[in-house]
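J.: Okay, here's the structure, questions in a sec.
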Amino acid sequence: MTTTMMNLNRVEPMLDVPFIREMAEITFHMWNLGWDERNGGNISYILDEAEVATYFNINHVLRVLPLTFPVRELAGKYFIVTGSGKYFKNVISDPETNLGIVRVDSDGESIEVLWGFKNRTIPTSELASHFMSHIERLKVDPKHRVVMHTHATNVIAMTFIHELDEKKFTKTLWEMCTECIVVFPDGVSVIPWMVPGSSEIGRATANKMKDHRVVVWPQHGIFGTGTSMDEAFGLIETVEKAAQVYMLVAHHDMKQKITDQQLADLAKAFGVTPVEGILYT
Ligand code: 2HA
Ligand code: ZN
């Protein structure tokens, strides 16, 4: 833990709440990595009712916010979410303004704010992408909990100089670091460039989430999902690392690389099944 976090702990009692602390630590960390400039990035994290009820009065609704896209599949679910226009760097010193705990109402048409989002803050502008992605990931994995969006620098850079065909993009990433095929054998998906913050980009992202945990938004950033903050972050971190290596080597003469046979050997050794149509072995 950094000194900053330890000092803040004395003045910020909310950091004693485990899931608020997790959000504060990861947002601070991601900002430190240079991925979340200004208000870049957003996170939503599914919480258990009991987990929330341990720290908050779940019968006291502070505000009700209508959704422009109904999410019946998430009715009754609790989330901690970053705020719209809020800076990742500031979450740790003022979680109550920069984060909020919300519950989707019983018909999935609005959300009830139970804590946070102080001073009329509203949830992230990418809530549609988050909620629609949660719906798809939960269908595939009931343990799914986290959707994380960040402006990972090298992933963005790579989308300028690499073909956006997702199989080719995945193959290149797998070739960059030995662990990649083990961490994301399901590959990464890529959507076309779209205006952010809309239901359309939400639907396009969620559509990819049916069979991927990672979605790249060209010239913008990345969405990663997982069963925990570590899983979602670890996935993004691994993709970003591979993209960084790519950006370092792309303009150089390649003397050797990880071959398709070696990638297949890795998959076999680690018991993972690489997504079809990428390896030629
Ligand atoms: O939260 O990252 O995509 C700001 C953004 C929008
Ligand atoms: Zn963004």
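The backbone N, Cα and C atoms fix where each Cβ goes, and this holds for glycine too.
Keep in mind that TrEMBL annotations are predicted by a computer and have not been checked by a curator.
In case it's useful when we look at the structure, here is the feature table from TrEMBL:
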type: DOMAIN; residues: 21-247; note: domain 'Class II aldolase/adducin N-terminal'
type: ACT_SITE; residues: Glu126; note: active site
type: BINDING; residues: His149, His151, His220; note: Zn(2+) binding site
J.: Using the Cβ center of His149, His151, His220 as the Zn(2+) site position, which other residues in that chain lie within 8 Å, going by their Cβ?
T.: Gly40, Gly41, Thr150, Ala152, Ile156, Pro196, Trp217, Gly221, Ile222, Phe223
J.: Going by DSSP, give the three-state secondary structure for His149 (Zn(2+) binding site).
T.: strand
J.: Hey, what's the Cβ neighbour count for the residue listed as 'active site' at 10 Å?
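T.: Step by step: centre on the Cβ of the residue listed as 'active site', count other Cβ atoms within 10 Å, giving 27.
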J.: Check the DSSP secondary structure of His220 (Zn(2+) binding site), expressed as helix, strand or coil.
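T.: DSSP call for His220 (Zn(2+) binding site): coil, neither helix nor strand.
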J.: If you count other CB atoms within 10 A of each CB, which of His149, His151, His220 wins among these binding-site residues?
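T.: Ranked by Cβ atoms within 10 Å, first place goes to His149.
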J.: Give me the Cα-Cα distance between His149 (Zn(2+) binding site) and Glu126 (active site), rounded to a whole Å.
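T.: Spelling it out, the Cα of His149 (Zn(2+) binding site) and the Cα of Glu126 (active site) are 9 Å apart.
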J.: Any idea what DSSP makes of the residue listed as 'active site', helix, strand or coil?
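T.: Reduced to three states, the DSSP call for the residue listed as 'active site' is coil.
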J.: Using the alpha carbons only, what distance in Å do you get between His220 (Zn(2+) binding site) and the residue listed as 'active site' once rounded?
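T.: Cα-Cα, rounded: 13 Å.
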